[in-house]
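As given in TrEMBL:
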| type | residues | note |
| --- | --- | --- |
| DOMAIN | 42-294 | domain 'G-protein coupled receptors family 1 profile' |
| TRANSMEM | 27-53 | transmembrane segment |
| TRANSMEM | 59-78 | transmembrane segment |
| TRANSMEM | 98-124 | transmembrane segment |
| TRANSMEM | 144-170 | transmembrane segment |
| TRANSMEM | 203-229 | transmembrane segment |
| TRANSMEM | 241-264 | transmembrane segment |
| TRANSMEM | 276-296 | transmembrane segment |
Amino acid sequence: MDSPSNATMPCGFLLQGFSEFPHLRPVLFLLLLAVHLATLGGNLLILVAVASVPSPPPMLLFLCQLSAIELCYTLVVVPRSLADLATPGLGGGSPISFLGCAVQMQMFVALGGAECFLLATMAYDRYMAICHPLRYTAVVTPGLCARLALACCLGGLAVSVGLTVAIFHLPFCGSRLLVHFFCDITALLDLACTRSYADELPLLGTCLVLLLLPSLLILSSYGAIAATLRRLHSPRGRYKAASTCASHLAVTFLHYGCATFMYVRPKASYSPRRDRTLALIYTNITPLLYPLIYSLRNREITTAIRRVLGLRNNEMKAALSRVLMRSSESKL
């Protein structure tokens, strides 16, 4: 490997994807396409369902933002992966420009960071609803929800820009082949021809801001919620309050668990092919699970979805009846 002093900044990279498995590519394409369409459909359904509610409560507004983030999250990665799988003759890798790789990584980190902050915001919402129910409507107003949602997006954007600048200022030398299907942080760090631990400090700082700080806020919120639930004498009220947190806790464990396992570890433990397989799961399977978790556990979102589907069914029945009436009139 060349020394860092002789390193040159490449004009682009090659995404290996799954080109070393030519016989599995058609099957993998069909599976990813089915999962991607199901993910898009589930998140779009939640967005439409929340939009159909006249005055949605704060939790539904946060769910709407979470679905929008997941929608963009998958669109940043999956369509290009599908295109590479469907394109023959990419045995040497799919080319991506230096700027395109930087933009993809920045958007991926920005959306993931916004989701980290949003999950902490949703924990605060649950804390206010359970621990301070009388003050909830006065404190958690639509204006506060909008400001918190904007802060989540801007926070994720600021952190992602700093990390992207730090990563793409590293010297890259030797092979330009990324053993991955998108420009992930670990794949780029593995390709950088430097072994200094100082080069990992931007990633560690990002993990501190995006994972540790929101985790502390979530833990403190649920610590206060647990203390409040212990003081409730009604088992029914305790169960109802706990059930409102179940879906949020499930999504939080999935998101933070995958992110912590992938990025909170030293560079020496990176395994490109293992990381690629894990990334295939957390960029495709977890965004599919989130709408299922919320639609099954949240009564408000379930009611909204049923209302939307009911309206669509009624519209289809009305359209069909109009067509039948016109055909009968034409026959007469």
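The backbone N, Cα and C atoms fix where each Cβ goes, and this holds for glycine too.
Just so you know, TrEMBL annotations never went through curation; they're auto-generated.
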Whole-number mean of pLDDT values that fall within the domain 'G-protein coupled receptors family 1 profile' (42-294): 86
For the transmembrane segment (203-229): best-contacting stretch of 27-53, 59-78, 98-124, 241-264, 276-296, by Cβ pairs under 8 Å: 98-124
Top partner of the transmembrane segment (144-170) among 59-78, 241-264, 276-296 - counted as Cβ pairs under 8 Å: 59-78
Contact call for the transmembrane segment (27-53) against the transmembrane segment (276-296), three or more Cβ pairs under 8 Å: yes
